[in-house]
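Participant: Feature table excerpt (Swiss-Prot):
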type	residues	note
SIGNAL	1-27	signal peptide
DISULFID	C34-C46	disulfide bond
DISULFID	C40-C58	disulfide bond
DISULFID	C45-C106	disulfide bond
DISULFID	C68-C114	disulfide bond
REGION	71-95	region 'Disordered'
COMPBIAS	83-95	compositional bias 'Basic residues'
DISULFID	C108-C124	disulfide bond
Amino acid sequence: MRSSRCARLLLLLLLPPLLLTPPAGDAAVITGACDRDPQCGGGMCCAVSLWVKSIRICTPMGKVGDSCHPMTRKNHFGNGRQERRKRKRRRKKKVPFLGRRMHHTCPCLPGLACSRTSFNRYTCLAQK
């Protein structure tokens, strides 16, 4: 009698958390921790957290009207002349970006551009 009561109580205590826990595949989306773009799902990139600069999280790419930053591709591999030349050659803004992003925003979605809308303010807008 007592063991069945304990079993029922244990079931009542453990069942709600089990029902509210997401499947194992979705757990990465909740934490969002990443190191590089390929670890994030489609339409997202791995960007620096706003709150803790040493952590990178999966962040959605910019949609029309979202604020953006023109240097979202900036990484911290060397600052020499060779690196600047390489950056000039690869102007395409692709995701996944294999470097480490140094800003908290992702590039705009394909077909959009990060355009200056006012002094020191950039927004994702349709490319002309």
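Each residue's number is its place along the chain shown, starting with 1.
Note: Cβ is positioned from N, Cα and C throughout, glycine not excepted.
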Participant: Roughly how many Å separate the Cα of C108 (disulfide bond) from that of C34 (disulfide bond), to the nearest whole number?
Facilitator: 19
Participant: Give me the CA-CA distance between C34 (disulfide bond) and C58 (disulfide bond), in Å, as a whole number.
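Facilitator: With distance taken Cα to Cα, C58 (disulfide bond) is 6 Å from C34 (disulfide bond).
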Participant: What subset of the disulfide-bonded residues C40, C46, C68 lies within 10 angstroms of C124 (disulfide bond) at the C-alpha level?
Facilitator: C68
Participant: Which ones, of the disulfide-bonded residues C58, C68, C114, have a Cα no more than 10 Å from the Cα of C45 (disulfide bond)?
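Facilitator: The disulfide-bonded residues close to C45 (disulfide bond) (Cα within 10 Å), listed in sequence order, are C58.
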Participant: Given the disulfide-bonded residues C58, C68, C114, tell me which ones have a C-alpha lying within 10 Å of the C-alpha of C46 (disulfide bond).
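Facilitator: Hits: C58.
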Participant: Taking only C-alpha atoms and a 10 A limit, tell me which of C68, C106, C114 are near C58 (disulfide bond). These are the disulfide-bonded residues.
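Facilitator: Hits: C106.
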